[in-house]
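Engineer: Below you will find the structure I want to go over with you.
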């Protein structure tokens, strides 16, 4: 099932990203720059290791992990978090925990698009990606 997520995905729509970043405590200047970028996400698999790369004019990040195994992650906004990614009902669910807080990043495929739903407290952001040929 995870194979359906593999490939290169380009951001085409974003709703409430600034509110989500504000909820995380991201500063104004960083939010302004991050809101303007249109990142590309590349999801690859090598054996049982998944790699998720995000490339943008703002910042490039890369994480590699096994489904269901906790790992240390430094986020694009420099938070040091404990992360775990699971496959749940056809969705890739990425949970980040730090300093008594948590946020979820849920990726699902709807009508050939990758929908990323980011949740922190009451802040919910939806980002839509289309697969590149």
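In case you wondered, yes, glycine gets a Cβ from its N, Cα and C as well.
Note that the coordinates shown come from a computational prediction; the quantities given were computed from them, not determined experimentally.
Grabbed the feature section from Swiss-Prot, which reads as follows:
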| type | residues | note |
| --- | --- | --- |
| BINDING | 127, 128, 129 | hexadecanoate binding site |
| BINDING | 127, 128, 129 | (9Z)-octadecenoate binding site |
| BINDING | 127, 128, 129 | octadecanoate binding site |
| MOD_RES | 2 | N-acetylvaline |
| MOD_RES | 8 | phosphothreonine |
| MOD_RES | 20 | phosphotyrosine |
| MOD_RES | 23 | phosphoserine |
| MOD_RES | 30 | phosphothreonine |
| MOD_RES | 83 | phosphoserine |
Engineer: Any idea what the Cα distance is from residue 129 (hexadecanoate binding site) over to residue 23 (phosphoserine), rounded to a whole Å?
Structural biologist: 23
Engineer: According to DSSP, does residue 23 (phosphoserine) sit in a helix, a strand, or coil?
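Structural biologist: It is helical.
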Engineer: Around the (9Z)-octadecenoate site formed by 127, 128, 129, list the extra residues of the same chain whose Cβ is within 8 Å of the site's Cβ centroid.
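Structural biologist: Those within range, site residues removed, are 9, 11, 12, 13, 14, 113, 114, 115, 116, 126, 130.
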Engineer: Which one is closest to residue 30 (phosphothreonine) in space, judged by CA to CA distance, out of the recorded positions 2, 8, 83, 127, 128?
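Structural biologist: Closest by Cα distance to residue 30 (phosphothreonine) among the recorded positions 2, 8, 83, 127, 128: 127.
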Engineer: Could you state the whole-number distance in Å separating the C-alpha atoms of residue 128 (hexadecanoate binding site) and residue 83 (phosphoserine)?
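Structural biologist: For residue 128 (hexadecanoate binding site) versus residue 83 (phosphoserine), the Cα atoms are 22 Å apart.
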Engineer: Going by C-alpha distance, which of the recorded positions 8, 83, 127 is nearest to residue 20 (phosphotyrosine)?
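Structural biologist: Nearest listed residue in space: 127.
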Engineer: Between the Cα atoms of residue 127 (hexadecanoate binding site) and residue 23 (phosphoserine), find the distance and write it as a whole number of Å.
Structural biologist: 16
Engineer: Measuring Cα to Cα, how far is residue 8 (phosphothreonine) from residue 23 (phosphoserine) in Å?
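Structural biologist: About 28 Å separates the two Cα atoms.
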Engineer: Taking the Cβ of residue 23 (phosphoserine) as reference, which residues of that chain separated by at least 6 in sequence fall under 8 Å from it?
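Structural biologist: Long-range Cβ contacts: 120, 121, 122, 123.
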Engineer: Can you tell me how many other Cβ atoms are located within 10 Å of the Cβ belonging to residue 8 (phosphothreonine)?
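Structural biologist: Looking across every protein chain shown, the total is 16.
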Engineer: When you measure from the Cβ of residue 83 (phosphoserine), which residues in the chain that are at least 6 apart have a Cβ under 8 Å away?
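Structural biologist: Sequence-distant Cβ neighbours: 63, 65, 70, 71, 72, 73, 94, 95, 96, 97.
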Engineer: Tell me the Cβ neighbour count for residue 30 (phosphothreonine), meaning other Cβ atoms within 10 Å of its Cβ, over all protein chains shown.
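Structural biologist: So the number of other Cβ atoms within 10 Å of residue 30 (phosphothreonine) is 15.
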